[in-house]
């Protein structure tokens, strides 16, 4: 039954997906005499935490009850008071925590507060599932870098468009809808200037339940993106541009006047680790990279990705000049290429979605998540 209660808390936490960052996804359940008497989830950044909703719902029944929570309760004052204090005041006798919070503001302090108050604390229940739930938050807190997901759609022979650039549409509507879920769950959508010039995308989440739009990030070495592009003019979401030293200063001023945030790097090329460091400094914990091929190649070459989503359609495009999934410098030796482990293979309509994470190809250790 303990696993059932924690799984219920995990499912509750999912309701806040795409709405709580930079906060984690958290769900909580209050149980008394084997009955759920309170439940809650953190649904939006700045609003009440899961434990608050669950304990308030339980009311007086919280006294002597058990609390199941997906992440260690906070112990500090932020936008809301510390949940650990509320738990102590409520009379909860036992707390089951799936994962400890690596945030330096918490990092075991919540557990210590509860234990010093005489509350029994047990950790690790459904740890793996809870880690997966909050992989972006946990990765950011542990490494100081955003969680990076690479996404691409291609024909079965790995082509993302025909030789003429025609790419609408390679994959089915069902596959494109699936990708929208990840636009919702990531804080930033990133593409290169070539994608903007070729497709003029809006790069927004079109799901009806999307509470807020991810900020659009454009990598544009020479600041060549058209000033009439949708991402600069539609007002649907903020847009950030990373450009290299020597790019057009007057154009930068015009873009800034439009409300576009422009980051000018000190080098004549855009280095992916530097981009991620700047994003991290701005509190960004997740990035959804949608290409194009040279951008994907840069992330792969730099070893700067944590997950990969490739959608393959049952079509063949061919053509020597037709663009492929990944371009750029590539690798000169097989001993240097990144090895991946498939975590999921799913059929979505007529298409196949491959989900993978980087591995070193030897002992199964994840080489990029701890970079």
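A Cβ is built for glycine as well, from the same backbone N, Cα and C atoms used for every other residue.
In Swiss-Prot this protein carries:
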ACT_SITE  51  active site, proton donor
BINDING   49, 74, 83  Zn(2+) binding site
BINDING   153, 169, 195, 199, 221, 292, 293, 294, 295, 296, 297, 298  NADP(+) binding site
BINDING   167, 183, 203, 206, 290  substrate binding site
DOMAIN    1-122  domain 'CMP/dCMP-type deaminase'
REGION    1-144  region 'Deaminase'
REGION    145-371  region 'Reductase'
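Counting only the Cα atoms, the space from residue 297 (NADP(+) binding site) to residue 290 (substrate binding site) is about 12 angstrom. Counting only same-chain residues at least 6 apart in sequence, those with a Cβ under 8 Å from the Cβ of residue 183 (substrate binding site) are 189, 203, 204, 205, 207, 210, 214, 288. For the binding-site residues 195, 221, counting C-beta atoms within 10 A of each C-beta gives the highest total at 195.
Neighbours of residue 297 (NADP(+) binding site), defined as other CB atoms within 10 A of its CB across all chains, total 18. Same-chain residues at least 6 positions away in sequence with a Cβ under 8 Å from that of residue 167 (substrate binding site) are, in sequence order, 160, 161, 199. Looking only at Cα atoms, residue 153 (NADP(+) binding site) sits nearest to 206 among the recorded positions 51, 74, 206. Each of the binding-site residues 153, 293 was scored by how many other Cβ atoms lie within 10 Å of its Cβ, and the smallest score goes to 293.
With respect to their backbone Cα atoms, residue 206 (substrate binding site) and residue 195 (NADP(+) binding site) stand 19 Å from each other. A 10 Å cutoff on Cβ-Cβ distances gives residue 83 (Zn(2+) binding site) a total of 30 other Cβ atoms nearby, all chains included. The recorded positions recorded for this entry are 49, 51, 83, and the Cα of 49 lies nearest to that of residue 293 (NADP(+) binding site). The recorded positions examined here are 51, 290; by Cβ neighbour count within 10 Å, the least packed of them is 290. In sequence order, 49, 82, 83, 84, 101, 105, 106, 110 make up the list of same-chain residues 6 or more apart from residue 74 (Zn(2+) binding site) whose Cβ falls under 8 Å from its Cβ.
Counted over every protein chain shown, other Cβ atoms within 10 Å are most numerous around 49 among the binding-site residues 49, 206.
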